[in-house]
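For D30, D75, D212, the entry in Swiss-Prot reads Mg(2+) 3 binding site. According to Swiss-Prot, the feature Mg(2+) 4 binding site maps to D30, S45, D75, an assignment based on sequence analysis. Swiss-Prot lists T46, D47, D122 with the feature Mg(2+) 1 binding site. Residues or ranges marked as Mg(2+) 2 binding site by Swiss-Prot: D47, D75. The annotation substrate binding site is assigned in Swiss-Prot to H54, E263, Y319 on the grounds of sequence analysis. According to Swiss-Prot, the feature ATP binding site maps to G121, D122, R146, S214, an assignment based on sequence analysis. Taken from Swiss-Prot, the feature Mg(2+) 5 binding site covers D215, and the record attributes it to sequence analysis.
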Amino acid sequence: MACGEFSLIARYFDRVRSSRLDVELGIGDDCALLNIPEKQTLAISTDTLVAGNHFLPDIDPADLAYKALAVNLSDLAAMGADPAWLTLALTLPDVDEAWLESFSDSLFDLLNYYDMQLIGGDTTRGPLSMTLGIHGFVPMGRALTRSGAKPGDWIYVTGTPGDSAAGLAILQNRLQVADAKDADYLIKRHLRPSPRILQGQALRDLANSAIDLSDGLISDLGHIVKASDCGARIDLALLPFSDALSRHVVPEQALRWALSGGEDYELCFTVPELNRGALDVALGHLGVPFTCIGQMTADIEGLCFIRDGEPVTLDWKGYDHFATP
């Protein structure tokens, strides 16, 4: 049976399993009606994902739904926000009901995990793409931003950057990894990144600045440097790598992917000396490693990379959709 737009929405996307109290009216009308809790600031982010640009055209729909939501959740994590609502505008080349069922099941699994509600969106026909709008709350005056770093702050990253780029290389047959367990781990880091929501919430009163690593450490830390009007000195020997990555690529390739590979969706943040002890306590029990890789400074401009105590020049750049090849 043919599935039209409204029956498609009703069948696959209008299936609220638990309504949030702050949603007065969700899917099914011209607008959603929403209530912002008292003494909370609304945090909003929007991402567009296009087949062949942001994801491989043959990606499993369950992985696509997970990643599409996870990368938006990562934006909320970088602000220290609590997830709340999602809008989804989905463009499909045709109606494949098996594809839609897999996509929507995965999407709602992750929505329910974070106690979120899909509140609206749109569907249309065309090349596969989607735009997600995510909304969350952060207590007034406690949001993390890119512009708060100060000279003397210590620079940290969560997790092990570079894994996602390696996973993509495996999927594109640019990297051969014979160990199935390592290959699966690296591919999963690309297809199903872990938004660091709990870490972002814990950093609200500890970090001066934060950003999620979507385009690579060079690019994303560069945003903090620019917004905060100070420099950053990074010791390359301190960058953390996963065992799975280190076992299968030479150190220089691991370094390149960690700095410029992108799509890790870890957090990079800066913490004043006074808060380092509290940071160890706050993040230490969350099960995700976090590593100090350098320090913000007033005596240099931009990013300075150190190897064996000496400055080194790197010509790598983070991902840029409009960069000239």
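Every residue gets a Cβ built from N, Cα and C, even glycine.
Features recorded in Swiss-Prot, as mapped to the structure shown.
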{"residue": "D30", "record": "Mg(2+) 3 binding site", "DSSP class": "coil"}
{"residue": "T46", "record": "Mg(2+) 1 binding site", "DSSP class": "strand"}
{"residue": "D75", "record": "Mg(2+) 3 binding site", "DSSP class": "helix"}
{"residue": "G121", "record": "ATP binding site", "DSSP class": "strand"}
{"residue": "R146", "record": "ATP binding site", "DSSP class": "coil"}
{"residue": "D212", "record": "Mg(2+) 3 binding site", "DSSP class": "strand"}
When DSSP states are folded down to helix, strand and coil, where does E263 (substrate binding site) land? coil
10 Å Cα neighbourhood of S45 (Mg(2+) 4 binding site): matching binding-site residues from D30, D75, R146, D212, E263: D75
With every protein chain in view, how many other Cβ atoms are within 10 Å of the Cβ of R146 (ATP binding site)? 20
Can you grab the distance from D75 (Mg(2+) 3 binding site) over to G121 (ATP binding site)? Cα atoms, rounded to a whole Å. 19
Minimum Cβ neighbour count within 10 Å among the binding-site residues S45, T46, S214: which residue? T46
Nearest-integer angstrom distance between the alpha carbons (Cα) of D30 (Mg(2+) 3 binding site) and G121 (ATP binding site): 10
Counting Cβ atoms within 10 Å of each candidate's own Cβ, which of the binding-site residues D30, D47, D75, D122 comes out highest? D75
Count of other CB atoms lying within 10 Å of the CB belonging to H54 (substrate binding site): 18
Name, in the order they occur in the sequence, the residues of the same chain whose CB lies under 8 A from the CB of G121 (ATP binding site) and which sit 6 or more residues away. F13, I27, T87, L88, A89, L90
Out of H54, R146, D212, S214, which of these binding-site residues is nearest D122 (Mg(2+) 1 binding site) by C-alpha distance? H54
I need the least crowded one of these binding-site residues (D212, D215, E263), counting other C-beta atoms within 10 angstroms of each C-beta. D215
Here the Cα-Cα span from R146 (ATP binding site) to E263 (substrate binding site), rounded to a whole number of angstrom, reaches 18
Here's one to test understanding: among the binding-site residues T46, D47, D212, whose C-alpha is closest in space to the C-alpha of H54 (substrate binding site)? D47
